[in-house]
């Protein structure tokens, strides 16, 4: 039997290596390749298929394909008991194809093809497990992403005024152009929806109903980063708009809300999802400050350790019989040393521990934030949210690996088969050396930011403070009574009631308005003036014709008698 998982995994990894080599060659020679194929011209606007091959697109494509290959290889064991695993494989391949199409496209039409493909296939993957929870999560996901799709469609309509959709060709028109500001605002809205920023951050934790390999690929390194990548591509256009500066505030608020929520959450996958949300907020923050290369650098590094974190979580959930509550996972390090080692390494990279992969990007980002015109409150929230990242990571260490086990006593915990382990080994090395390697590849000129001593070590102080706070938060939380715990968990763990404010609130308002229209128009004026009125008149008319048809003998006699009477009157007169 042909092993489709191995074939597709090997093919994707091979293409990823070729893309990485080609991207390095473009960096070395400082080249950009722009391929364009014209289909037809409509209303003086050229409909073309465009591919932009530069170092950013090729390195991001290599990252996506490498992680996809590892996840597919991992899924061969994870989904081995699933009867529809081949369908799952083809859905993942279609998702990767849509992602690559979106990455290499500088044209809004071709971007929309990949963008819509990402939304549709991610919906199919979220509802892969056919139950009510998955259906609700899938509906929330696709409706939130529809807002971004509509924004892309509106920007396509607006760019028709320029006679084309290749936004790179119209950068000279961006300055002091109201039309370009409107297009930029629509693109920012699309990026915020896809990257789950405030106020659209409710769909990402809900999307954890998908299988864990889907979360490792879709909700860590591809789908959610598509919005950030789109804004990075549009950054030369968006920096001229006043809306771009608001991304810093949106990113900082997303970091704070998601970091605080992760410290009160007990679902393993939701904690990692909120962690992803926090890192996306960090990317948006530095992108709004104008450092698009730093945002792209952190996007690549984050993909490595976050996908490995999801894969380790999948092994834990698989071993515990699909149970995701971290309060039942304790003392696992004795039974699953390899998985725990990989899990801890990825968590250290997430915290930005010195010389791990995440350190090279997070340290630069936080130091670059000091060079911006942030006010004191934003500055405090940015660094406090970074400390919250370390805090919930330490909390995850404690509950998952070092506390007492509260699960079944008869339990066979062990590291899974070699396919799962081998797929994580590659990501394990990238989580350690990927930061330094990409730093020299992406930024060949050494970036040094000169700061005073106390500011230079502020990142280290934040990490140490986060470790201490993470160790204390579990004991402090136990001192709070159960009723207060439920109130805190429902508010903070529910992302500050964001689903009710943004999704449910808007939905009920729109549905209520639709019900009013139905009662007033469909069942009211339209029904009475058109359907009921016309129907009753036609019924009366048809009733008259029916009476004539039924009583035609009487009518004939009546007409005959009337005619005789008229003739007699004429004779008499």
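Glycine is no exception: its Cβ is also placed from the backbone N, Cα and C atoms.
In TrEMBL, annotation is done automatically, which means it is predicted and not curated.
Since we're looking at a predicted model, the values are computed, not measured.
Range 297-320 is the one annotated as transmembrane segment, of 297-320, 513-536 (source: TrEMBL). Note: the stretches the transmembrane segment (111-129) and the transmembrane segment (376-399) are not in contact (fewer than 3 CB pairs below 8 A, sequence gap of 6 or more). Between the transmembrane segment (376-399) and the transmembrane segment (420-451) there are fewer than 3 Cβ pairs closer than 8 Å, counting only residues 6 or more apart in sequence, so the two stretches are not in contact. Confidence over the domain 'NADH-Ubiquinone oxidoreductase (complex I) chain 5 N-terminal' (43-88), given as mean pLDDT on the 0 to 100 scale, stands at 82.
Here the transmembrane segment (242-264) has long-range neighbours at 181, 184-185, 188, 192, 196-198, 201, 231, 235, 271, 274-275, 277-278, 280-289, 372, 374, 378, 381-382, 384-386, 388-389, 391-392, 395, 473, 477, 488-489, 492-496, 498, meaning same-chain residues at least 6 beyond its ends whose C-beta is under 8 angstroms from one of its own.
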